[in-house]
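Colleague: So TrEMBL lists these for the protein:
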type	residues	note
ACT_SITE	HIS159	active site, proton donor/acceptor
ACT_SITE	LYS163	active site, proton donor
BINDING	GLY11, ALA12, SER13, GLY14, ARG15, MET16, GLU37, GLY101, THR102, THR103, SER125, GLY126, ASN127, MET128	NAD(+) binding site
BINDING	ARG38	NADP(+) binding site
BINDING	HIS160, GLY169, THR170	(S)-2,3,4,5-tetrahydrodipicolinate binding site
DOMAIN	131-268	domain 'Dihydrodipicolinate reductase C-terminal'
Amino acid sequence: MTDAMKLVVVGASGRMGQALIRIIHEAEGTVLHAAVERPGAAAIGRDAGEIAGLGPIGITVTDDPLAAFLAADGVIDFTAPAASVEFAALAAQARIVHVIGTTGCSPDDEAKFEAAGRHARVVKSGNMSLGVNLLSVLVKQAAKALDAAGWDIEVLEMHHKHKVDAPSGTALLLGDAAAAGRGIDLADHSVRVRDGHTGPREQGSIGFATLRGGSVVGDHSVVLAGEGELITLSHNALDRTIFARGALKAALWARDRKPGYYSMLDVLGLSSS
Ligand SMILES: NC(=O)C1=CN([C@@H]2O[C@H](COP(=O)(O)OP(=O)(O)OC[C@H]3O[C@@H](n4cnc5c(N)ncnc54)[C@H](O)[C@@H]3O)[C@@H](O)[C@H]2O)C=CC1
Ligand SMILES: O=C(O)C1=N[C@H](C(=O)O)C[C@H](O)C1
């Protein structure tokens, strides 16, 4: 029997960090090896289980990621772009699995994650849930079937008031899926903001609309708007455990892979859809 996979949670006291600590605690096949926070964070020196609402589990939150990574099998990272870039270099150095859920990353950051995949097994996705990844396959099919002359594509999202990046990683993932279905590059066709006298909609563009408020975990819709009819493909996240479970699945999947840069579609066997 294989040993339980030893996982480090970085960003341990964040919303996702706490959800991950709880899920790892109850899951079979994984064990929490270490919990890491940024230097100066209030959680440093506290018990990770206490922070996640489990009661003490004997893992003290540290600000030394490399020491944690060197004796671990993988790291799960829902933090911030600059932190994830730093962790990617350390995970490559330690030759471990790096699951990255962080959103709002720049093209330059993405290039660094891909480079880290030469030594680490990196899995990155703007959304780790099964539902959103399946939705992206449906969006790609719909965008392919419905031509740009007759059908306009708009991506809508709403998140909690604490979210710092926009459009969400999921909205961009769904926009990418729509663009792939149309055989175009999202970067050349996206309209991320509209304000003032914008003129009529440009045919073939993919628009984004962002809402923020309250405690919404994550709602996404892709609207395909035709003459006299609308098709709406939607996903509503009701609980952060869907992302934490997906991240754990990704870590276990990546454990026996060769170094590389993978997506959640690879993990779920949907990459050729
Ligand atoms: N891909 C997915 O399925 C999902 C992605 N996310 C993304 O995950 C990220 C985190 O989201 P939340 O947990 O809601 O944010 P949060 O702000 O609650 O947590 C982030 C944590 O990372 C910590 N952190 C920042 N820099 C660090 C460093 N250098 N070392 C260690 N820890 C560091 C912060 O102190 C904080 O505790 C965001 O980018 C969010 O968009 C969130 C949910 C699902
Ligand atoms: O910040 C969040 O909360 C979420 N971020 C991800 C995103 O940017 O799409 C995934 C999920 O929607 C929650």
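We count from 1, first residue shown onward.
Backbone N, Cα and C atoms are what each Cβ position is placed from, and that goes for glycine too.
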Colleague: Which recorded positions from the list GLY11, SER13, ARG15, ARG38, LYS163, GLY169 come close to ligand 2, meaning a Cβ under 6 Å from one of its atoms?
Modeller: LYS163, GLY169
Colleague: Could you round the CA separation between SER13 (NAD(+) binding site) and GLY169 ((S)-2,3,4,5-tetrahydrodipicolinate binding site) to a whole angstrom and send it over?
Modeller: 21
Colleague: Looking at the binding-site residues GLY11, ARG15, GLU37, THR102, ASN127, which has the shortest Cα distance to HIS160 ((S)-2,3,4,5-tetrahydrodipicolinate binding site)?
Modeller: ARG15
Colleague: Quick one: of SER13, ASN127, THR170, which of the binding-site residues has the smallest count of other CB atoms within 10 A?
Modeller: SER13
Colleague: For the domain 'Dihydrodipicolinate reductase C-terminal' (131-268), what does DSSP give as the number of helix, strand and coil residues?
Modeller: 51 helix, 38 strand, 49 coil
Colleague: DSSP three-state call for SER125 (NAD(+) binding site): helix, strand or coil?
Modeller: coil
Colleague: Going through the binding-site residues GLY11, ARG15, THR102, HIS160, THR170 in sequence order, which have a CB under 6 Å from an atom of ligand 1?
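Modeller: GLY11, ARG15, THR102, in sequence order.
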Colleague: Between the Cα atoms of LYS163 (active site, proton donor) and GLU37 (NAD(+) binding site), find the distance and write it as a whole number of Å.
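Modeller: Rounded to a whole number, the Cα-Cα distance is 19 Å.
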Colleague: Within 10 Å of the Cβ of GLY169 ((S)-2,3,4,5-tetrahydrodipicolinate binding site), how many other Cβ atoms can be counted across all chains shown?
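Modeller: Cβ-Cβ neighbours of GLY169 ((S)-2,3,4,5-tetrahydrodipicolinate binding site) within 10 Å number 21.
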Colleague: Would you mind listing, in sequence order, the residues at least six apart from SER125 (NAD(+) binding site) in the same chain with a Cβ closer than 8 Å to its Cβ?
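Modeller: The answer is ILE100, GLY101, ASN133, GLY169, LEU173, GLY246, ALA250, SER263, MET264, LEU265.
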Colleague: For THR170 ((S)-2,3,4,5-tetrahydrodipicolinate binding site), identify the closest of the recorded positions GLU37, THR102, ASN127, HIS159, judging by Cα separation.
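Modeller: If we rank GLU37, THR102, ASN127, HIS159 by Cα distance to THR170 ((S)-2,3,4,5-tetrahydrodipicolinate binding site), first place goes to ASN127.
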Colleague: Cβ distance under 8 Å to THR102 (NAD(+) binding site), same chain, sequence separation 6 or more: which residues?
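Modeller: When sequence neighbours closer than 6 are ignored, THR102 (NAD(+) binding site) has ASP77, PHE78, THR79, ALA80, PRO81, ALA83, SER84 within Cβ distance under 8 Å.
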Colleague: Any idea what the Cα distance is from GLY11 (NAD(+) binding site) over to ARG38 (NADP(+) binding site), rounded to a whole Å?
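Modeller: The Cα atom of GLY11 (NAD(+) binding site) is 7 Å away from the Cα atom of ARG38 (NADP(+) binding site).
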